Amino acid sequence: MADVEDGEEPCVLSSHSGSAGSKSGGDKMFSLKKWNAVAMWSWDVECDTCAICRVQVMDACLRCQAENKQEDCVVVWGECNHSFHNCCMSLWVKQNNRCPLCQQDWVVQRIGK
């Protein structure tokens with residue numbers, strides 16, 4: 001355990017009732033009764049960057065940015081759960097009908113923003 005200097009007990013935070021010492025007597029600083037951890041995600045994407053154009057999938061791809069068509073740029077997910085810009089993937093599929101990341105046959109699972 002830790003060394004205690006000058007006879008003082010270290011303050012111990014506890015989630016259950018019990019004696020925990022502090023500098024000002026036997027009072028606890030606080031007692032944690034209940035804690036609910038919450039996590040939220042803004043989208044369900046394993047990788048947030050398009051592996052073809054290297055731009056974030058929630059932003060427009062380079063081609064749509066150049067042609068000023070940001071609203072038309074949507075994300076496409078394959079059955080392998082990898083996501084890409086639909087514009088990028090449609091060009092990729094013309095040359096190679098496999099996912100650029102895992103090399104599985106490319107089958108569209110869903111398209112959306």
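Just so you know, glycine gets a Cβ as well, placed from its N, Cα and C.
Of the listed candidates (Cys73, Cys99), Swiss-Prot assigns Cys73 to the same Zn(2+) 3 site as Cys61, Cys64, Cys87.
Of all the binding-site residues given, namely Cys61, Cys80, His82, Cys99, Cys102, those whose Cα is no farther than the 10 Å limit from the Cα of Cys88 (Zn(2+) 1 binding site) are Cys61. The most densely surrounded of the binding-site residues Cys53, Cys80, judged by C-beta neighbours within 10 angstroms, is Cys53. Taking the C-alpha positions, the distance from Cys80 (Zn(2+) 2 binding site) to Cys50 (Zn(2+) 1 binding site) comes to 14 Å.
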